[in-house]
Each structure stands twice: as structure tokens, then as C-alpha cells.
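Everything on this sheet refers to the single structure shown next.
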Amino acid sequence: MVPYGLGAAISTRVSNELGAGRPRAARLAVRVVMLLAVSEGLVTGSVLVCVRYVWGRVYSDDEEVVRCVARMMLVLAVSNFFDGIQCVLSGVARGCGWQKVGAWVNLGAFYIVGVPAAYLIAFVLCAGGMGLWTGIICSIVVQVVLLLLITLRTDWQKEATKAKNRVLDSSLPTDLVVAT
């Protein structure tokens, strides 16, 4: 849940900084939160990898179950790492007002890459549940790559100007104010 919180926080921070005309502060906030997301992903992933054989024993003493859980924990660690980064980058997109861009990235990543990859790995390559999950990881990686490229190529000064213009366009016209 930490990455989702970071995504919500960076969305608010980026929108506030851009709206206030502080593009450098928005860019710095993105860098800091990305570092936090990567750090959280590495720590959580390391814990998941370290306890992968212990975790299976919580559910069963059967060695086959323990091995299966251990394999899935590795996939979970990778999934968690990339999902955390994706949450933050999606928050950046929301904060910049790129909801339409985020929607297209999500649509393309899941339906053009994720679903076909999951089907191929799970059913054609006979990887079962791990294949389905691996297909979803493929879509998350595509999301991360696309959103990261968009974020890295962002002209923060231009985004701050666009944010200020959106604020001015949405405010009440001054000729409607009635003096009392």
C-alpha cells in the first residue's frame, strides 16, 4: 500500500507545485518520490525473496507446496517492485493533468501487451498461474517504461504554464462580480 500512498502524494505535490509556478520543485518531488518507490520496492522484494521458503511452510508442510510458493514469491517480488514505480509514475501523470495519456498507456499496456503475454505464457507455454502473473508483469513493465519516458521528456516549465492557464480558465470571470 505504500506505493499507492506515494502515488497519491506525488499527484497532489506535482499539481500544487505546477499550479504555484514552481516547476523545479515539481521535478525535485518526482525524483524524491521515485527514489522512495525504488527503495521500498527493493526492501520489500528482498524480504519476499528471503522468506520465500518460510512463507510456504505457513500454509503446508508438503514440500511441493513450499517449492511452489517459493517460486511464486519471486514473481511477487518482481511484480511488487515494478508496480510501486508504476504507481508513482501514474501519480505524476495525474498531477500533470495527463489523465488521457495515462488511460492510453494503461489500455495499451494491458490489452496489447499484458493479456496476450499472459495467454501465451500461461496456456501456450503451459506455465499456468505463474504465466498469467508474468503476463501482467509484462504489462506493468511496459507501463513503467512508457510513463518513465514521458516523465523524463517533460518540459516542467511548460507544464507549469499550462497548469496556471488551466487555473485561470476555470476561475470566475471578474465581470460577474457584483459590488455591494
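Just so you know, glycine gets a Cβ as well, placed from its N, Cα and C.
According to TrEMBL, the protein has these features:
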TRANSMEM  32-55  transmembrane segment
TRANSMEM  70-92  transmembrane segment
TRANSMEM  104-125  transmembrane segment
TRANSMEM  131-152  transmembrane segment
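Below 8 A, the CB atoms of the transmembrane segment (104-125) and the transmembrane segment (70-92) form no more than two pairs separated by six or more positions in the chain, fewer than 3 in all.
Residues 2-4, 6-11, 14, 30, 33-34, 36-38, 40-42, 44-46, 48-49, 51-53, 55-56, 102, 129-130, 133-134, 136-137, 140-141, 143-144, 147-148, 151 of the same chain lie 6 or more positions beyond the ends of the transmembrane segment (70-92) yet place their CB under 8 Å from a CB of it.
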